[in-house]
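Undergrad: Let me give you the structure first, and then I'll get to my questions.
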Amino acid sequence: MSQDSQHGKWTISDKRKPDKITTFFKQEPKLSPKCNEDTHSVNHPSAPSMGSEARTATHVNQTNPVKYESNPSPSVKRKRETEEAGWNLSSSDDETPTSALKNEPKKSKVSPKRKKTEDKRPPSPHGTSYYKEEPADFFETNLLSMNDMYRFYLNKVTGIPKKFNTGALHIKEILSPMFGTLKESAQFNYCFDIPWMVEQYPPEFRDKPVILVHGEKRESKARLIEHAKPYPHICFCQAKLDIAFGTHHTKMMLLWYEEGFRVIILTSNLIRADWYQKTQGMWMSPLYPRLPEGSPETAGESPTNFKRDLLEYLEAYQAPELAEWIDRIKQHDLSETRVYLIGSTPGRYQGPAMEKWGHLRLRKLLSEHTKPVQNEEQWHVLGQFSSIGSMGLDKTKWLAAEFQRTLTTLGKPGKSLVYPSVENVRTSLEGCPAGGSLPYSIQTAQKQLWLHSYFHGWHADVTGRSNAMPHIKTYMRVSPDFTQLAWFLVTSANLSKAAWGTLEKNNTQIMVRSYELGVLYLPSAFVTIFRLTNIFHLACF
């Protein structure tokens with residue numbers, strides 16, 4: 001462990017040898033060109049996309065095997081051109097329209113390879129008997145193993161040794177009486193399996209009012225409403241998506257108890273597959289008590305202005321259905337929060353509003369609340385995500401320009417992107433169908449081959465999750481020996497301009513397509529309550 005330095009670093013562990021990299025997102029040698037090509041092919045058209053798998057889960061509760069679709073209808077294909085589905089073919093002006101891709105000469109050359117690869121795949125394990133009910137001792141029964149200081153948790157994973165699930169959380173635990181006597185809840189998410197979601201609430205809370213905040217339109221919206229008909233306690237709030245190819249990708253729970261109020265910001269969809277054998281992450285707030293009657297509006301604010309920022313995020317929906325939740329938050333004391341909120345909301349922003357959302361929000365916080373890092377070039381910036389969008393024909397179009405400038409606010413570093421390879425997926429707990437939650441379209445991949453030089457494979461040996469494919473999304477800056485963090489972000493935002501925003505009009509405007517939400521950990525927010533900064537000791541990750 002090390003004390004705070006002038007650079008605001010966190011000590012992760014002082015017991016690991018530098019030559020043994022023990023970070024949660026451990027690097028491996030850069031993939032060879034062949035492996036990189038394989039990485040792109042994880043989600044070629046013959047493989048199940050997150051869109052098809054998640055929608056199947058929503059419609060039939062994943063009781064049928066995963067469907068392999070090769071020629072989706074135009075309406076389905078347009079729906080897939082979203083953040084979570086990974087088909088952001090139209091999220092950049094540099095992209096060739098989908099229709100034009102059909103006329104490319106090399107298209108016919110690629111197809112036979114994809115068919116050949118499909119023939120070698122093992123059968124999908126996602127059949128009627130794939131999901132197993134967990135024994136009672138799978139779940140936590142008390143709060144003794146909970147991380148009260150930093151409140152960052154992984155999800156429980158089926159099929160790994162029990163010791164790796166200690167202190168991790170399942171959705172059934174989050175919604176259980178262990179954390180409060182629930183009166184009402186709000187679920188913000190991208191994908192919903194309503195019957196499955198309802199079953200995750202304990203019987204005593206199963207009929208408590210729930211509002212689902214979603215981004216569905218037309219037929220998919222009608223299906224969502226239809227699936228909720230057996231549950232009269234469920235109502236809906238549709239998020240406005242006025243910019244093409246944007247999605248409501250935020251994943252958040254608002255839980256109102258008899259004892260107070262709680263916020264959970266996470267990376268999991270509300271479908272069974274996301275809580276079964278994937279790696280997910282979440283931040284769970286403390287239990288916020290109610291403020292005394294007559295408290296001023298500024299009461300209950302945290303050192304990180306979390307209350308103000310959460311209210312501003314909810315107000316951005318401009319939804320009457322959320323007015324009551326906004327009032328409830330105002331009535332509670334959020335002063336114990338030690339993380340910063342980083343959100344994205346669709347729109348075009350100028351002037352001071354440019355720094356309210358997306359990656360410019362992250363840049364502003366890093367500029368204001370951190371100090372430069374010594375030997376900066378040795379401190380790596382790591383980005384880890386489950387979907388990759390279109391970033392242009394070369395790295396200067398977005399990644400190595402505005403986005404990299406945000407991530408390197410503390411100085412120029414080495415840069416790495418952690419994304420599973422084909423071998424990672426093939427040998428995972430789920431097998432090849434796990435690739436359905438790691439979308440990266442072959443059309444987009446072929447247009448940004450320059451991205452290969454950034455790639456590193458997925459390993460999570462310390463937490464026993466190397467074979468649990470990551471749907472978690474994290475960004476961080478780590479010391480050369482992987483024992484300290486300058487900052488850490490867990491978020492719903494994947495690597496795309498739709499999620500993080502892109503500058504326009506000679507950098508005088510930022511355009512954001514999607515709703516996203518995450519929390520940023522900075523050492524300065526914890527220094528008053530924890531002098532030895534050993535955040536994220538890797539044994540508890």
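Note that Cβ sites are derived from N, Cα and C of the backbone, with glycine treated the same way.
Automated prediction, rather than curation, is the source of TrEMBL annotations.
Positions annotated as compositional bias 'Basic and acidic residues' by TrEMBL: 27-41. Per TrEMBL, compositional bias 'Polar residues' is recorded for 58-74. What TrEMBL lists as active site, nucleophile is HIS249. The feature substrate binding site is assigned by TrEMBL to LYS251, LYS473. Residues or ranges marked as active site, proton donor/acceptor by TrEMBL: HIS471.
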Undergrad: Enumerate same-chain residues with a sequence separation of six or more from HIS471 (active site, proton donor/acceptor) and a Cβ-Cβ distance below 8 A; give 'none' if the list is empty.
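TA: In sequence order, the residues whose Cβ lies under 8 Å from that of HIS471 (active site, proton donor/acceptor) (at least 6 apart) are THR267, SER268, ASN269, ASP274, LYS278, THR279, GLN280, SER386, SER437.
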Undergrad: About how far apart, in whole Å, are the alpha carbons (Cα) of LYS473 (substrate binding site) and HIS249 (active site, nucleophile)?
TA: 12
Undergrad: Which residue among the recorded positions HIS249, LYS251, LYS473 has the fewest other Cβ atoms within 10 Å of its Cβ, if you could check?
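TA: Among the recorded positions HIS249, LYS251, LYS473, the lowest count of other Cβ atoms within 10 Å belongs to LYS473.
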